[in-house]
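Written out below as structure tokens is the structure these notes cover.
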Amino acid sequence: MAQSSSAARKPSAAPTVVLTLVLVLASAGLLFLLVHLSPSSPSAHPHPHRRLRLRGENLRHGGATRHQIPFDPVIADLERRVDDREWERLAAAGLHAPGMESAPVPEDLADYEDEYINDAARFNMTLRVAALFPKIDVDPADDAVTGAELAAWNLASARREVLHRTARELDLHDRDHDGRVAFSEYERPSWAWRFDDNNSSSDGMGWWKEGHFNAADMDGDGFLNLTEFNDFLHPADTTNPKLIHWLCKEEIRERDKDADGKLNFQEFYKGLFYSVRHYDDETSTDDSNGSDAPARKSFLQLDLDNDGFLSADELKPIIGKLHPAENFYAKQQADYVISQADTNKDGQLSLNEMIENPYVFYSALFTEDDYGSHDELR
């Protein structure tokens, strides 16, 4: 009887097991939340571990990313360092210009910059976007980045990049170190043709004839200063009327089959018309069903003296469409970024939209096949 009473008072193990299970499940749930909500957790992007890789000079001057403008000044500065090292390496090998003194080969050619931008503790894209937002949102500063503001930001960045490369090349050719280049000092190396932004001449050398040099010499002193040399290397971006006229003459020279110094309708129709049309609408196709009516309308609008031909001066209204300047690519890139990051479709970007879509702004730097062990969005 006493034994039965003692057995009845013995506690059951069931409540202890249940309590243990509850504690284990609660701990697991808490651990899951901590990992999931941690700043270093993977992002919702389908490729959360893609690494950033700086683009080299060759990549930016060829292929689909040729006109990709760096969004972040930090990235732009790092890319300039990479390009400058490659430039010095080529100079040391004597590949820039015949007869030039070779520069010493840089001791450190390691791409340590790639490791820097993939170190989430040192390069935090969320913080970078947040820091850049007020610098872009300036006209007006209303907590929203418009397409015009983003295009202006891109254009300023592009111009800095172009001027940096121009200054570097001017220094290379300026043999007497007077800060300007004479035509006799300028020797275009054969390797450089591969990287030329505007080399569309039919004979491969038309862009670099002395006439081109003289057209870029705005003050006519026989030398090119930094601004003039920049126009010489990048004529599409010039405001120099002499160089714009030279560009128009080059267009005629390349398409003037009968060598009369101007373009008739057929010469215009078979060469320039579709280039202009593609500029106006990149999605346009030849939907004219063989009709030349749209081309004739465009031709008549340009033929101001109604003589049935187009002169160099009459091509000036469309020369910017034949040779798009940096402002064209700056706007194009801004439009694309807004189309990708504008989640509420109001035509502009809030800070949250930019923070939530950093891959759009740094897209040119990501590789599809190279995966790291950390989250770049930390």
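Just so you know, the numbers here start at 1 and follow the chain as drawn.
Every residue gets a Cβ built from N, Cα and C, even glycine.
Here TrEMBL flags 213-239 (among others) as domain 'EF-hand'. DSSP assignment over the domain 'EF-hand' (213-239) gives 15 helix, 2 strand, 10 coil.
Counting residues of the domain 'EF-hand' (248-278) by DSSP class, helix then strand then coil, yields 19 helix, 1 strand, 11 coil. The domain 'EF-hand' annotation in TrEMBL covers 248-278 (among others).
Looking at the domain 'EF-hand' (290-325) alone, the prediction's average pLDDT is 92. Taken from TrEMBL, the feature domain 'EF-hand' covers 290-325 (among others).
With a cut-off of 8 Å between Cβ atoms, the residues of this chain six or more beyond the domain 'EF-hand' (329-364) that come close are 45, 52, 55, 65, 67-72, 75, 125-126, 129-130, 133, 143-148, 150-155, 158, 377. The annotation domain 'EF-hand' is assigned in TrEMBL to 329-364 (among others).
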Determine which residues of the chain contact the domain 'EF-hand' (290-325) at the Cβ level, with the cut-off under 8 Å and only residues 6 or more beyond its ends counted. 198, 235-237, 244-245, 247-249, 251-252, 260-265, 268-269, 272-273, 275-277, 279-280
Counting by DSSP, what is the helix, strand and coil composition of the domain 'EF-hand' (290-325)? 20 helix, 1 strand, 15 coil
